[in-house]
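Asker: Got a structure for you, written out below as structure tokens; questions coming shortly.
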Amino acid sequence: MSIEEIFHQYLDSKVFRDREKLLPDYVPEELPHRDEQIVTLAKVLAPALTGSRPSNVFIYGLTGTGKTAVTKYVLRKIREKAQHKVDYVYINCRQNNTSYRVLAELAKHLGVKVPFTGLALGEVMKRLVQGLERHRGIIVVVLDEVDNLVKRNGDDVLYFLTRVNEELTSSKVSVIGITNDLKFTEFLDARVKSSLGEEELVFPPYNAVQLEDILRRRAREALKDGVVDDEVLKKVAAIAARQNGDCRLALDILLKAADIADREGADKITQVHVDKARNEIEKNLAVDIIKTMPLHVKLVLASIYLLSRDNSSRMITTGLIYDKYKELASKLGMEPVTSRRISDIINELDIVGIINARVISLGRYGRTKVVSIGVPLKNVEEGLASDSILKTLFGIG
Ligand SMILES: Nc1ncnc2c1ncn2[C@@H]1O[C@H](COP(=O)(O)OP(=O)(O)OP(=O)(O)O)[C@@H](O)[C@H]1O
Ligand SMILES: [Mg+2]
């Protein structure tokens, strides 16, 4: 196909009306099945309209339950209503995962000059206090995916933001902390925990019926009429419902299926497109998980990979894995971790679904664990091969 043809086909899509409307960052004009959360958050933030400080809010829910979308939606509405008096800063703590970077983001929003790195945290905070004071109004600071910050850098920023009102006279700060991982609250100082949790909001997972309804409305905006049937939406919704009601996954699958249909020049999205989309997403997921694993975990996986590749009929036991792992570690000149740790790693790999482990009985010889790779071998290969050390040493990839 020539470039002209590709572009022409794209411009002349039979599938899309407005592809943007299916992208994950787009916040739609309506968020069905989150009325309760929208109303609660609106009630908590409403005092800002008359200049009093809203309570801090702690928002919790599994991934893809609409936490980010609802928060942005409500804040946008309140800023429209309040015009200049209320402002908000949205900071994603996965992208900005150090205390310094979070504070620097806030500084940038307030027009406070802070260099990219280098100042002591205390100095940044001092400048922020001045900047906040000059702001003269309510400022809501949203720390999304805040667990990433706290696990890495502790609760300095949360401590600062939940205490800073004591130093301010003409401005007020409220904090909204959002997470899908409650474990991080163990790292919080008791006072920080209680001030952040002045109000708590839980986002339950969507069920299949709700997901189907959400998908139908997003599809209406993004896709041409008649491109997607109810059966197809039902199927996508059912897949995502099984994955903890993750709406992001549902939209991902629909977008990818629509892309595949569009590329094929089809005028309808079929179940086959959905299956293809799902395979592609699962593949990416496995490869991404493997790419970000610590080296020893990769080595254990590489051992299992090599054992299955080179000797597919043999049962892969924990003992064999440990021997292979030690061989690989010594080739790399690395101190091997203990067999106890290897067992833990095997369990971790099992939990994320990269491998399947089961315990079998050897009669009077006791029991052992046998392991097999749980995703296509080529995905494991692709994930491991992205590590240059593994790639060159073992001829993977
Ligand atoms: N009720 C809804 N109606 C329409 N779209 C929705 C709804 N809820 C969520 N979405 C969409 O689903 C995707 C995921 O939602 P969102 O990003 O808000 O999840 P989240 O709870 O913040 O997840 P995470 O914990 O992973 O950050 C987004 O694209 C969002 O626009
Ligand atoms: Mg989010």
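Positions of Cβ are set from backbone N, Cα and C atoms, glycine also.
Bear in mind that the values here come from a model prediction, so they are computed numbers and not experimental data.
The domain 'AAA+ ATPase' annotation in TrEMBL covers 53-207. Summarising the annotation, TrEMBL assigns ATP binding site to THR65, GLY66, LYS67, THR68, ALA69, TYR206, ARG218. According to TrEMBL, the feature domain 'Cdc6 C-terminal' maps to 301-384.
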Asker: Using DSSP, tally how many residues of the domain 'Cdc6 C-terminal' (301-384) sit in helix, strand and coil.
Answerer: 48 helix, 15 strand, 21 coil
Asker: Does LYS67 (ATP binding site) have same-chain partners at least 6 apart in sequence with Cβ under 8 Å from its own Cβ, and which are they?
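Answerer: Looking at Cβ-Cβ distances below 8 Å from LYS67 (ATP binding site), excluding near sequence neighbours, one finds ILE59, TYR60, GLY61, ASP144, ILE178, ASN180, PHE203.
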Asker: Using a Cβ cut-off of under 6 Å to any atom of ligand 2, determine which of the binding-site residues GLY66, ALA69, TYR206, ARG218 qualify.
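Answerer: The qualifying binding-site residues: none of them.
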Asker: Find the longest CA to CA distance in the recorded ATP-binding set THR65, GLY66, LYS67, THR68, ALA69, TYR206, ARG218; express it in Å as a whole number.
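Answerer: About 17 Å separates the two most distant Cα atoms.
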Asker: If you draw a 10 Å sphere on the Cβ of THR65 (ATP binding site), how many other Cβ atoms land inside?
Answerer: 25
Asker: Are any of the binding-site residues GLY66, LYS67, THR68, ALA69, TYR206 near ligand 1, with a Cβ under 6 Å from it, and if so which?
Answerer: GLY66, LYS67, THR68, ALA69
Asker: Tell me whether THR68 (ATP binding site) sits in a helix, a strand or coil according to DSSP.
Answerer: helix
Asker: Can you tell me how many other Cβ atoms are located within 10 Å of the Cβ belonging to GLY66 (ATP binding site)?
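Answerer: Result for GLY66 (ATP binding site): 24 neighbouring Cβ atoms inside 10 Å.
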Asker: Return the average pLDDT for the domain 'AAA+ ATPase' (53-207) as a whole number.
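Answerer: Computed over the domain 'AAA+ ATPase' (53-207), the mean pLDDT is 93 on the 0 to 100 scale.
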